[in-house]
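Residues annotated as topological domain 'Cytoplasmic' in Swiss-Prot: 1-6. The transmembrane segment feature in Swiss-Prot is assigned to 7-29. For 30-1330, the entry in Swiss-Prot reads topological domain 'Lumenal'. The annotation phosphoserine is assigned in Swiss-Prot to SER75, SER77, SER156, SER1085, SER1286. For 113-122, 161-171, the entry in Swiss-Prot reads compositional bias 'Basic residues'. For 123-135, 172-182, the entry in Swiss-Prot reads compositional bias 'Basic and acidic residues'. The phosphothreonine annotation in Swiss-Prot covers THR153 and is backed by similarity to another entry. Annotation comment: Swiss-Prot describes ASN172, ASN435, ASN772, ASN904, ASN1055, ASN1236, ASN1302 as N-linked glycosylation site, evidence class sequence analysis. Sequence annotations record features per position, and here Swiss-Prot assigns coiled coil to 332-1329 based on sequence analysis.
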Amino acid sequence: MEFYESTYFIVLIPSVVITVIFLFFWLFMKETLYDEVLAKQKREQKLIPTKTDKKKAEKKKNKKKEIQNGNLHESDSESVPRDFKLSDALAVEDEQVVPIPLNVVETSSSVRERKKKEKKHKPVLEEQVTKESDVSKIPGKKVEPVPVTKQPTPPSEAAASKKKPGQKKSKNGSDDQDKKVETLMAPSKKQESLPLQQETKQESGSGKKKVSSKKQKAENVLVDEPLIHATTYIPLMDNADSNPVLDKREVIDLIKPDQVEGIQKTGAKKLKTETDKENAEVKFKDFLLSLKTMMFSEDEALCVVDLLKEKSGVIQDALKRSSKGELTALVHQLQEKDKLLAAVKEDAAVMKDRCKQLTQEMMSEKERSNVVIARMKDRIGTLEKEHNVFQNKMHVSYQETQQMQMKFQQVREQMEAEIAHLKQENGILRDAVSNTTNQLESKQSAELNKLRQDYARLVNELTEKTGKLQQEEVQKKNAEQAVTQLKVQLQEAERRWEEVQSYIRKRTAEHEAAQQDLQSKFVAKENEVQSLHSKLTDTLVSKQQLEQRLMQLMESEQKRVTKEESLQMQVQDILEQNEALKALIQQFHSQIAAQTSASVLAEELHKVIAEKDKQIKQTEDSLANEHDHLTSKEEELKDIQNMNFLLKAEVQKLQALANEQAAAAHELEKMQKSIHVKDDQIRLLEEQLQCEISNKMEEFKILNDQNKALQLEVQKLQILVSEQPNKDVVEQMEKCIQEKDEKLKTVEELLETGLIQVATKEEELNAIRTENSSLTKEVQDLKAKQNDQVSFASLVEELKKVIHEKDGKIKSVEELLEAEVLKVANKEKTIQDLKQEIEALKEEIGNIQLEKAQQLSITSQIQELQNLLKGKEEQMNTMKTVLEEKEKDLASRGKWLQDLQEENESLKTHIQEVAQHNLKEACSASRLEELETVLKEKENEMKRIETILKERENDLSSKIKLLQEVQDENKLFKSEIEQLKQCNYQQASSFPPHEELLKVISEREKEITGLQNELDSLKEAVEHQRKKNNDLREKNWEAMEALASTEKMLQDKVNKTSKVERQQYVEAIELEAKEVLKKLFPKVSVPPNLNYGEWLRGFEKKPKECVAETSGSEEVKVLEHKLKEADEMHTLLQLECEKYKSVLAETEGILQKLQRSVEQEENKWKVKVDESQKTIKQMQLSFTSSEQELERLRRENKDIENLRREREHLEMELEKAEIERSTYVTEVRELKTQLNETLTKLRTEQSERQKVAGDLHKAQQSLDLIQSKIVKAAGDTTVIENSDVSPEAESSEKETMSVSLNQTVTQLQQLLQAVNQQLTKEKEHYQVLE
């Protein structure tokens, strides 16, 4: 547990603040109440009645109970006097009052002596308060219930509490009660007890002085008695003048319990020892002098005697004797007492007024103190809450840091484990490389031994080969059987062809039958067409549908034709396959015939094969070397590309700087434009102002002229008035003058306002001009900077051009390298083709060797095998030397690459330094020279790279030549092999082939290829490990850079926040201190605009001036004391503030450390998370790619299945289409015939239509005639009616004629409508046909 986490720290801060506040107000209240105590001492001279003995007994009983319950806490001890006062105030009304004698008023000299003594004791008390904080809490809390006396807490009790820490709580309770009794003691006791307290301090501090005699104890008892009687309590209330009897009763009620407490305390042994120690050195003479000065009444004397009787029985006789002789003296004392009472009453009246004022001041000060206490409590509460919150945050942050540390340790352990694992892998790889070299040597030796053993075996296996040759003859027989089977298959294929032809014949027959059926149907349909001639309009619609159907049928026919063509192509393919099978059968026959002759040139073929194998292996080695060389070149290209990327990034940075400069220049242009705009605005304003001023000046001149003219007119009018004194004219003139005066005043006011506006506008113009001048200066500065930047930009552009040229060169080099890589890939393809050809040749040679039946001699073959073994050994040696040379080359290339990387890193650092220097200082000649040197170095490097590339090109050209030579040799070998084949066909051999030797050779070759593959895999693993290491280094550098940048950012943020918080905290403390001082000293006024130090100095000077003005008054001293205390409080507060600041600084440092550690770990975790995300993304991409491939394969399978189904479906549809085709052909023919018939019918109908049109014309003419006749008949009827000659027969005939004519007209109209409808239908039909 640290200091800030302990409970002691939580409790200590608020307790210290509370004690300081209470001490301050306690001391302040004590000093302000000193004058009130002097006034109250004068009131104590009044007669105070005492209580009866019964009441004393009851009080003693109550006191015993209180002593038993005295072991209370500090809060209980505070509540005791309040309850006590309330009970006494309620009990006063029912009790009988007995007068008690009062002390005589002290003289002014005694008051001065008392003040001096109190001033001496004040520093002693303050030292006690600062040393004993626990003891000082008790009196600070007991001051609150407004005590009258100014007596401080006795130091003897504090010393006793220090000496006796093991006492019980009852002792503490009794000590608290003693303190309450002493607060109510009279000022006479104060004067006597002050020196006693000093002496008791010395006794308690040293522990040397002790009580020795019983006489001193008796004297101490005598001292306590009058002091108890003298103690009084006078409350500070406004109603003191109205009822003094109640005041006296309250005083008595408060005195009596104190007296009883004093009597009971003297009875206790422990309390007696303390009082003996306090009053040990009091002189008896001083006690007698104090008694002589005091005047007692009879009742008071009796009370004193009763108390003395209770104390000691020996003194009673002496008191009785002295009382008899002093009766006369008492009479004189009574007379003097009456006089004193009169004086005291006057003083009391004065003091009551003073008390009222003091009470008012006390109330105001109490209110202020309560407000201050409330604020301080609120402040303490807020501080405690903030402290708790801060502590919780600290705990949380501490836990988080612990968790992060645990995580960091885990990560570190993981990294260490990974590093150890990588080291193990590197060791394993090194061991594997060493093991492979050892294994190669051991394998080579083992292979030699195996070859020797195989040589011995070959002799034994020759006998077995003869048996194998017999088996081969059996295989030949089996091949002949296979040929017979193929012939059978051909016969079956011919049968199938015949079946297909029969199927086609059947289909043609069916097609012809279908055609005949269609013809019969066509005849039936012709009959139906003749019967359905009236329904031609309906058939036209069906014809449209049929035409669409015909189009579909045509398309289906085309598809069917294409399918038939595909079937024909398949049939042709089958025929071609049959022909190929026949050709193969013929070849087999020729091979069987030629197998009898081929064994003379076997030895020569073996030699040629051995030489070819050597050459092939050499070419393979050279190709492997070229492949390694190309891999190294690819790595170098990658490094160069990385360099290019870095240079491009630097160029981008420089471009960003140039863009920023361009943006700054653009902003400058904008500023210049805005300045020009403002200048134009200013000019416009100036012109407007000048125009307004000129207008106003002209108006002013006009008004002056008018004023002069008016004055002249006034003078003329005055002359006229003097000549002709008419009152009306005079009044009119006066009115005119007044109106013109008012106009002049308004004009003057307008001029004044115009002048004021002109002045304001001139001020605005001046301000705008100043702003314009400042802006022009800024523009000039910016232009100067821009010029500097332009020079820098020109340099940057030159550098960019150089870099661009270098990039072009690098790109050209990359393109050349890519072209070379493509050439190499093509050459590899050619080499693979050559290998395949060589393998084919080997297979042919093997077949030839198998086909050999005879060999010349076994000894020649053995010699050839030995030669082959020697050649293999030579090849292995050459391979070893080549591998060693390649390893050396790789090591040198690796060193060269490392040197290039170091140079690149140095160049990067140099470029960064140059960029920083360019930002700090605009173009410097030294840096330019350095850049030029760097460029020269890069050019030299480019030249080196070009030379290297040229060397590589030369190597490639030489290798290309070698490959061409090898190809030419292969061609020669092919020609020789063909010649050998021909010779073998001509000559037959009877010797068996050596298959086992060929198998051994092939096994050796396979082993060599496997070793080469292992070497390649090991090289790839080493390169992969190097790449991983380089990637890890780059990631570490990037992480370090990110951490440094984040640390800088966080430090800046923390410093800014800490500065702002400190300033706010200091300002808050200063404001609080100012408010406290203003509340304490409201009369002092200091301007608030000053700084805190100047304000404090001014605040110190103002009270001093007030003190100089009121130097004679006692209030000045009190204020000085208050100022001292305030200064002390201020120092204490400053110390606390400094402590808080130190604590805050420590906490801020801890927080910064925590933040740094947290951010570091966060960055590390972020890096790890990014890596994991990248890996996850890669896995996801691979997974998605695999899923896509799976889906693609599924789709392909589905497509294949669909295609199969479609194929089957199409075959079915073909059959259906063929059937439908036959039907459709017949239908088409029928439709053609129908079309021809319809056309003929249409022609006949057109002729008929023309005839009908002629008939219609005639009918219309006839209708016109009929209508004219009708009209004439109607005219005749009208004539007959007029003539009244109309027989009934003629009328009936005319009616019938009219009816018949109407019927004929309606019929003709219906016919016309029908003809029109037919015409419209035929027109539509023609449109459809067209």
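Using the three backbone atoms N, Cα and C, a Cβ is placed for every residue, glycine included.
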Candidate nearest ASN1302 (N-linked glycosylation site) in space, where candidates are the recorded positions ASN435, ASN1055, SER1085, ASN1236 and distance is Cα-Cα: ASN1236
DSSP-derived structure type at SER1085 (phosphoserine), helix or strand or else coil: coil
Rounded inter-Cα distance in Å - SER1085 (phosphoserine), ASN435 (N-linked glycosylation site): 99
Euclidean distance between Cα atoms of ASN435 (N-linked glycosylation site) and ASN1055 (N-linked glycosylation site), Å: 61
Cβ atoms near SER1085 (phosphoserine) (within 10 Å, other residues, all chains): 11
Neighbour tally for ASN435 (N-linked glycosylation site), based on other Cβ positions within 10 Å of its Cβ: 12
Mean of the pLDDT scores, which run from 0 to 100, over the topological domain 'Lumenal' (30-1330): 66
Integer Cα-Cα distance in angstrom, ASN1236 (N-linked glycosylation site) to ASN435 (N-linked glycosylation site): 100
Number of other Cβ atoms within 10 Å of the Cβ of ASN1055 (N-linked glycosylation site) across all protein chains: 12
Surrounding CB atoms that lie within 10 Å of the CB of ASN1236 (N-linked glycosylation site), all protein chains: 10
